[in-house]
Amino acid sequence: MTEPTGETRAVPRPTTRQVTIVIATLIVGAGILAWLITIEPGDRTFLLATVLLAAVWTIGAFLTGRPKMGHPASRVPGRIALPAVLGVVAGLSVIVVFVVGALIVTTIPSLRELVRSVLDHRNAGLFGVVTLTLVAGASEELFFRGALYDVLRGRHPIVFSTLIYTLTTVATGNWMLVFAALVLGALTGTLRYLTDGILASVLTHCIWSAGMLLALPAVLG
C-alpha cells in the first residue's frame, strides 16, 4: 500500500522560485532554532527569538504561495468532514498521548531533564510564552504543512514534510523535541492530506503546544 499523495488530478510542478524560497527558509529557520534553544531560561531574548522564528516561517510560507485553509468538508469520501472539529479532536487526543508518555519519562532522569530544559523557558513569563508558542505553532504549520507540503505534492508529501520537519528540529540538539516533531509532523501532515488545507493542522498544533506548556510541569513535578 502506497502513501496517498493528496491529489486526484495532475499536479503542477513547483517553480524554481518556490523551491529556492523553501530551501532558504529552512536554512534560516534551522539556524534561528539552533540559537533559540541556547538562550538561558528566563531571558526575554527567548521571546524575541521566538517572534523572529515565527516571522521567518510565515514570510517563507507566503512568499512561496498562499496557504490553503482547507475545504469545509473533506474531499476524502467517508472520512471525517469538518477540518476544525478534526483539528480540535486530534489536538486533545495527542495531548493525552503525550501526557501518558510524560509519566513514563518521569522515571528516566536523562529524558526528564531534556523536557525540563524546554519547559524552564516558561520563566520568561507564562502568558507571553504561551501566546508566542501558539503563534510559533501556527507559523510552523503555515510553512511545513502549507508551503513545503505544496512543493512536495505528488512526491509523498506526508512522509517528506514530516522528515524535513523532524530534521529541522535536530538543530535544537534536544532529542525529546525531535521525537515530538516526528509524531506531530506525521499527524498534522495526515490532517493536511485529509482536509486539503492547514486549518486542522494549525488547530492541532496550537492545542498540543498549549497543552504541553500547561500540563507537563504538573506531570513532571
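Each residue, glycine too, has its Cβ placed from N, Cα and C.
What TrEMBL records for 126-210 is domain 'CAAX prenyl protease 2/Lysostaphin resistance protein A-like'.
Sequence-distant contacts of the transmembrane segment (19-39) (same chain, six or more residues past either end, CB-CB distance under 8 Å): 45-46, 49-50, 52-53, 56-57, 59-61, 63-64, 121, 143, 147-148, 151, 164, 168-169, 171-174. Look at TrEMBL and you will find 19-39 (among others) tagged as transmembrane segment.
Beyond the ends of the transmembrane segment (45-63), by six or more residues, the same chain brings 21-22, 24-25, 28-29, 32-33, 35-36, 39, 121, 124-125, 128-129, 132-133, 135-136, 138-140, 142-144, 146-147 to within a C-beta distance below 8 angstroms of the stretch. If you look up TrEMBL, you'll see 45-63 (among others) marked as transmembrane segment.
The list of residues near the transmembrane segment (84-104) in space but at least 6 beyond its ends in sequence, with Cβ under 8 angstroms from a Cβ of it, reads 74, 115, 180, 183-184, 187, 191, 194-195, 199-208, 211-212, 215-216, 219-220. Marked as transmembrane segment by TrEMBL: 84-104 (among others).
Tertiary proximity for the transmembrane segment (124-143) is limited to same-chain residues at least six positions away from its ends with a CB under 8 Å from its CB atoms, namely 25, 29, 41-44, 46-47, 50-51, 53-55, 57-58, 60-62, 67, 165, 188, 198, 201-202, 205-206, 208-210, 213-214. Per TrEMBL, the feature transmembrane segment maps to 124-143 (among others).
For the transmembrane segment (163-186), same-chain residues at least 6 beyond its ends with a Cβ under 8 Å from one of its own Cβ atoms are 26, 29-31, 33-34, 36-37, 94, 97-98, 105, 111, 114-115, 117-118, 140, 144, 148, 204-205, 208. Taken from TrEMBL, the feature transmembrane segment applies to 163-186 (among others).
Marked as transmembrane segment by TrEMBL: 198-220 (among others).
Cβ atoms under 8 Å from those of the transmembrane segment (198-220) belong to residues 67-70, 83-84, 86-88, 90-92, 94-95, 98-99, 102-103, 105-106, 112, 115-116, 119, 122, 126, 129-130, 133-134, 136-138, 140-142, 145-146, 184, 187-189, 191-192 of the same chain, restricted to positions at least 6 beyond its ends.
Remark: secondary structure over the domain 'CAAX prenyl protease 2/Lysostaphin resistance protein A-like' (126-210) totals 75 helix, 0 strand, 10 coil, with classes taken from DSSP.
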